[in-house]
Amino acid sequence: MQQVPALKIDGITIGQSLAIIEYLEETRPTPRLLPQDPKRRAQVRVISDVIASGIQPLQNLSVLKQVGQENQLTWAQKVIHSGFNALEQILRSTAGKYCVGDEVSMADLCLVPQVANAERFKVDLTPYPTISRINKTLLALEAFQVSHPCRQPDTPPELRA
């Protein structure tokens, strides 16, 4: 599909965020990104899918090109608000320190870049206190600081940290 991310590892190239994360979980299980408990693991996957399938694709560059330059900001904000309304409700019942309990999971890896997109599209995060709190907690961790979308080599200059 000529999209990012793609990871070249172990002699293969894997596309799509969740497939990459699950491969890393299966081949490099420390630290764990999916909880041992099946119910918590399902919660992590629900949150990850809401973000990776329900919010993020609808404000991809390819979609924004289709809605036209004059409608892009409004469209992206609408999509993110709709997704964040649902996500906030889910997180109210699953969150501890992070998205699901007190261990960083695949859901947290999905959350931070989506909040960065929300900020990029000037979404007011005030209605989403749980999302905002978790994101702030995650951004205090070095791994999330160095991997933040605004610090990647291909980040456009206007979006760099």
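Using N, Cα and C of the backbone, Cβ positions are placed for all residues, glycine too.
Here is what TrEMBL says about this protein:
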type   : residues : note
DOMAIN : 1-32     : domain 'GST N-terminal'
DOMAIN : 37-157   : domain 'GST C-terminal'
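Note on the domain 'GST N-terminal' (1-32): residues 48-49, 52, 60, 103-106, 109-110, 154 of its chain, located 6 or more positions outside it, place their CB under 8 angstroms from a CB of the stretch. For the domain 'GST C-terminal' (37-157), the DSSP-based tally of helix, strand and coil residues reads 90 helix, 2 strand, 29 coil.
Residue counts of the domain 'GST N-terminal' (1-32) by helix, strand and coil are 11 helix, 8 strand, 13 coil (DSSP-based).
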